[in-house]
């Protein structure tokens, strides 16, 4: 809306735009107001109000049946001494680094590989993007079958003579977390690839031409032309990855439920199990608040940076 | 991407909605007595979502409606959803009327919060007069009110296939030492002696081993006290349970914590594992031709001085205190307690359960006849870990027991952690 009014004001006469912009804002069409207010109202009822409730619940002790009792910051104090919370935080960090890092690197690699228009390239792109279409719960079911003690993975290992590596992948605390990251990655790579493909499409081919004429090799062109041009996409990918990592839940829950004995527990699964299995909804809400603060911190710092750059 | 966003929002919204619901219900309880609409069909909320059980429930409801004294609308919900939603159902302003659930500690926990309807009238009716004393006390809350109508029960035991035992030349053990010998023999033949099935989403199955070892070594009284928080999980008595367990642990299927009980029972039926401590519900998934070949023996007695106890959970119904259809609910409950109703359910389901009504006929198969005798010989009956404590305590056991099976040497720290986790639940 602001863009519209400014272009209108600048085109007829180069008058100082300040006064006109102010008048334009006062004459907001009712339709635009409706477009803003109705979603805001829906958002307030379905998102903001419940979120505030969540904040309040994090200060209470509540079993979901009796009335919640206010306990102040006790839940957060308990968190400080909770070994499972520490493990879950560490696993979430590990998840962020492995899942986030690998999906960014592999997503960029596949995008570079598949950016040229060649015969049949569409097939490969579709194949890599396909996992994004499946629900993660369905994905988890497929991978559960792969990881079974007599599942595909162990059979393949056996057929190539690696019986010694045979494993109950999801039931061993040393492998469970990594075994869960793989299906999540399998899905995320396709998504990141599409983001990068769009970014690569936006790079002016003339830049590459010029670099080539100047005698830059493929690596130099990637390092000094492609990467700087992808900066805005990188920011999007980063925030998507961080948020996706923090809210990863479905794939972990359907494969291991955070087990065996908390070894694949993430903050999100720990929150769910304390709230809805142990029925300690106060402590669960406190965990949700922590997750919210982490996610919000990342998004806010990204937004601040983005706005500063725009200025 | 979009579906992620919505699911996150929906989750937050759900969490908040739960909070709002609590606030609203708070207003309701303080304002008026908050009864649901009266008249109309009684809603029966059922967690029996397995195909056979669901069909049996439909038969049962149809039979009741045909009687013409009342209307019922059956609402079948997935078991996992049902369990997590139950507190919300019971506290909401317009709740379902009747619920499938468990008697004992679980029901009492709700009764103590005044969420369950007093079913004293139902128990006064002649239909329920013949119910055993044990069932009577199981359905009585701390307040002395009757809050539950029991309908069927099943039992746990060491299940095996007769033809496999004959082929391997082994027989049912009588004592703990016999049992270890049997495991040894099976292992030497290259068979996993004991299947478990505590992987997938059924980690709770491992609690059967804890329950049985505890009631065999420390007795049912101690077991109930422990689950109620009167003893500690890091007591030496509990330690003895795990010392015993370590003797048999080498005979457990190495994939025990990797596969769900359904897969583990298939392994047992196929002869890859020898036997399995499980409840009769596993037979629902067994092929018809295997059913006649299935047999079981009692979990071996360890200390003959401890009164014989068996794990035999009872299922049935309770009603929400906020129902507005009091008379209709009582009428339905009275019917559910009759021999006729229980026979209809047994006929429609897999038929491995025993009716609670003394005059109701069971399926009559040799397995069921043996099961009935098995329960009757017991001096004490326990339900199951979660039923004798609460659903909230179950995950603490799952973590402790799967960790014990993987790292039996660190039992000391496992029990300390278990006690700490359990205290959080008891104090919640």
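Numbering starts at 1 and runs along the chain as displayed.
Positions of Cβ are set from backbone N, Cα and C atoms, glycine also.
Of the listed segments A:1-25, A:26-50, TrEMBL assigns region 'Disordered' to A:1-25. The stretch from A:30-49, A:93-114, A:176-198, A:281-304 that makes the most Cβ contacts under 8 Å with the transmembrane segment (A:126-146) is A:176-198. Same-chain residues lying 6 or more positions outside the transmembrane segment (A:176-198) and placing a CB less than 8 Å from one of its CB atoms are 91, 94-95, 98-99, 102-104, 106-108, 110-112, 114-115, 125, 128-132, 134, 136, 139-140, 142-143, 147, 169-170, 230, 233, 236-237, 240-241, 244, 248, 251-252, 255-256, 259-260, 263-264.
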